[in-house]
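*Asks:* Pasting a structure below so you can have a look.
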Amino acid sequence: NRAVPPNINPIRDLASLPLTGLCSIVRRGLSTIAVSSFHGCLLGIFRCKGCKKTPYCSVDCQREDWKAHRHMCKSFDPETDSLNIQRIYLKDLNVTKYTKGAEIQGAVVEFNSPGRFFFLPEDPKVLEALMSITAELQKNPSSTVGTHYVPCVGEVCSVQFSCDLSWYRGLIQTLAADQKSAHVLYIDYGNAENVPVERIKPLNIATKPYCPCAMECQIAGVVPIVDSWSTECCMTVRQLLGAKTLTIKLVDTLKNGRVHTVDIQLSIGKQLSTFLLEQGYAFAEAAAVVLQYLISLLGALLEASMENFKRCCEGKDINEWAQPPEPLTLTIGDRFSVVVSHFQSPTDFIVQKVENAGVIQDLQLKLREHCSRVETQQDFRPAPGTVCCAQFSEDKQWYRAQVLAYSTEKSVCVGYIDFGNSEEVDLNHLRPISPALLALPKQAISCILAGVQPVEDSWSEECISTMLRMIANKTVNVEIQSAHKGKALVAIIEGEGYSEINVAELLISANYAAPADTNTLQQTEETPAPAEPPASPPVCEPLVWSCVELPSDGQTVVLSTSAVTSPAEFYCCNNSLSVFFTGDGKWYRAMVKELLGDVVKVNFVDFGHNMIVGKGCLRSITPKLLKLPFQAVRCWLSGVRPPGSEWSSEALLWFQNLVDGAQLLARVVSVSQQGYSVELESGGQSVAAALISQQFAKPSGNLCKDPVRSPTTKQEDLRGGDQSQASTPASNDTQAVCEDEEEPSEVATFSSAWKTTELPLNETFQPCVAAVINPTLFYLLRPVQNVDQQKLQEVMSELALHCSNYQSSSSVDSRPVPGAACCAQFSVDKIWYRAIILEVGEAEMTVVYADYGNSEKVPVSQILPIPTRLLQLPFKIIRCTLAGNEPFPVEWPAQVQQVFRSELLNVMATVQSFDGSANVLSLALPPERGGRNLAAVIQEMLHVHRKGSPLPDASQMPGSDAAEPSCIKLGSTTASPDEPEDAAEPADAVTNTQESTPQEQKEMDQPTSVHGWYRSGDNLQRRRNHSGRFLTD
């Protein structure tokens, strides 16, 4: 009897999906689809005789489309195709050949929804094809000089990407009416954009017909609950799939092998289709069809009403006396628990009192006894609207039912007045009812949700499905506020205690509903309410909150941990809370910690977890929901410190296993604005003593033997809310009782003395440049270099923790110099990385990311000093200097630096020595350019500069028109920055898959040429190109 939202039509939902390129005959069959700007058939092999461009699969297909196509059809212009260009269409390309049931590894490179995303396999053949296509298009883009080339819909062209101006294969999806621009899908990457026709050229016929490298996919076996996939669903799935190597299982292939239905194994141990069903984001595809059939059947029954009844009612007992009983008596202000037995919309649903469960059970016993004594009566034919006893088809029990309609002469549609559901039964399953059984009021209560009204003319399906998920199959509390047209106007409260949620307020905050004046609903149509001036908007109340306080007078309290980072930081609570799960779809109280463009870093104040979420996942909170203090209390373990500069992974694991899920005895040692220093006991042993005995920790000076009896920091200092931001200097009375007890602190600097990797002497290699400051200081990214991913993962985790703590308590108090190490926050994913400063400015600095080799300009506010311990793991980039016989200047002429940068891309390097700070390299030009030493060339330019003569530019250097360099500079400035490689994420870290700002999203959605070396022996699974796309080595 589970209620379902109305107006769910899977056939209509299917028709509303994007069907660009479907044959017009299919479009005619799905008449509800709005015809798009596309004309023709994407899979057609014939062309219109008029324009010679639009494809069709048959004459009938063309005839069906002519009404729309005739406005765009232009006669064939011989001058336009004077070069006799042979066009290439999608059908001309090879088809991806994978067998059903095959498991394919790769990464999602473009995600729109579970119904459409693009997957790049980690297949050497696919990646080789991608490299070959990209190189071929850059080398020899097609030329149509002197000819105005206009592409055709369905044609595969060479398209110049707007971000990096490189050429890629693009499928023309639509062409503007003025034929000046086209919407292009980059078939090897999955992203799309509008491109001017001037940047579209015909694909060279000599180009190999590789199949699209990016597989277009959809999740098999599921359909969205409403017309389209919700924003919440898409964001959640994007977080689960982004920046990860995934394994997909091919279920089926559609559209001539171009679209694949797949399922994905998630890291949480479930298939993605199962996750979508469990979270209420989707219906099973077969179930949706069945649901549509049941809804249609109910409509047919309602239309059969009186005619079938009158056909055979003559001389029959039509049961006119048995009218429905009175409804339950309700009083404004009543509050009670209910279950929802039927739901149509926020203004039409039925509930049943939980407290009347015993009364209903007693009624069922009486109905069973009554119907067992009454035999089937052939002349019993109750009229619509009357009440009788009906046998429910599922449990064969008897219930009070009202006759709604006659679907046939022998079948009746009845509604069960105590439950609200309905079904079709045979006349033989009806019995007359006795007056005594009608004495009990109807137990089903018809309700309207108070305080809301539709945003538009009617309730949106998204609003209906959201409310249904909140109240279905559970006990909720309702409060009677008024009555309207025989229905109770109620407020629904979901949850209890501090987790109470007012359903109406939530719908309004989510923009699913608009506020409604409940007094308006009480007005009758006959007596309209007098007009009143609009009320002024309510004044927002200041939000005031507090935190749970731990007793600091020596008491021992029972605590449990809710979030554990290390002995230096963990969160506790002293009550029983539900388990926090990042993907459960529930709402939690949270504090905004940092704004990061379209995403926000928040702290869940009742659990202690930090997470980055999209702004669409945030709702404003009401003062009522802040009455309960925040339940998570920040703590650190008193009396211990790590043996070295940091806590070892073994110590962290041991500490987490000891305290996680255990009942802990805690005693407060000291209090500060950051939280509580506590002593913990677990299982009768001191946690600090256990850490020390296992040699995971050392004592931190003098341990306090007595608890703090007069807390040095007032408990009010731990509260947030509408309080003064001014801080008062602490007096002598407010000093810490345990002077040796301090919070963990980190010493961070902008150090230039970081150690670089020492290269083997006399080794000759072709360098790959990461960044250049000047000839005496530049950085290389070697193609052969093993990276310890596990250690890099640990460093990234510690770096994130350091930057988070540092931001909240300190600011940059010194100016770095070029070449200094730092922490930099990458502009795309807002994650902190180790970096080297290249240029220092007033508002921003240029950095190169030391573990990845890409560079960008970063605001000064996103540059932080780095602790020395985080510099122990060698960087991936290598510090180098140019070997020379003569001393180099302190300040370099700009033209000399420009020549050095350009020549550095096409030289051979030989390691001469290591000066203790950098590798000293001898750089030689290639033999075809004379094989000269680059240092000698630089010295000659310096001599010319000292004499005051004009310096030659790079184009005037010997051999400047030689072959293209074979290694592309990773740190080059382009329209969008390189993105750091996808470092393995620590187990306890939050995966940062947030959505970018509009400009960043535009950059991330585009394909670009591949930059840098690709290696097989460094265990790097993927790196990102300029657009944020993942490419596999």
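Note that Cβ sites are derived from N, Cα and C of the backbone, with glycine treated the same way.
Just so you know, TrEMBL annotations are computer predictions that nobody has curated.
Residues or ranges marked as domain 'MYND-type' by TrEMBL: 23-73. Residues annotated as domain 'Tudor' in TrEMBL: 150-210, 381-440, 565-628, 815-873. Annotated region 'Disordered' per TrEMBL: 702-743, 948-1033, in sequence order. Positions annotated as compositional bias 'Polar residues' by TrEMBL: 722-735, 990-999.
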*Asks:* Average pLDDT across the domain 'MYND-type' (23-73)?
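*Replies:* It averages 65.
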*Asks:* Looking only at the domain 'Tudor' (150-210), what are its DSSP counts of helix, strand and coil residues?
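*Replies:* Counts, helix then strand then coil: 3 helix, 29 strand, 29 coil.
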*Asks:* In the domain 'Tudor' (815-873), how many residues does DSSP call helix, how many strand, and how many coil?
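*Replies:* Result for the domain 'Tudor' (815-873), in helix, strand, coil order: 7 helix, 29 strand, 23 coil.
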*Asks:* Count up the helix, strand and coil residues in the domain 'Tudor' (565-628) according to DSSP, in that order.
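*Replies:* Per-class counts: 7 helix, 25 strand, 32 coil.
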*Asks:* Just give the helix, strand and coil counts over the domain 'Tudor' (381-440), going by DSSP.
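*Replies:* With helix first, then strand, then coil, the domain 'Tudor' (381-440) has 7 helix, 27 strand, 26 coil.
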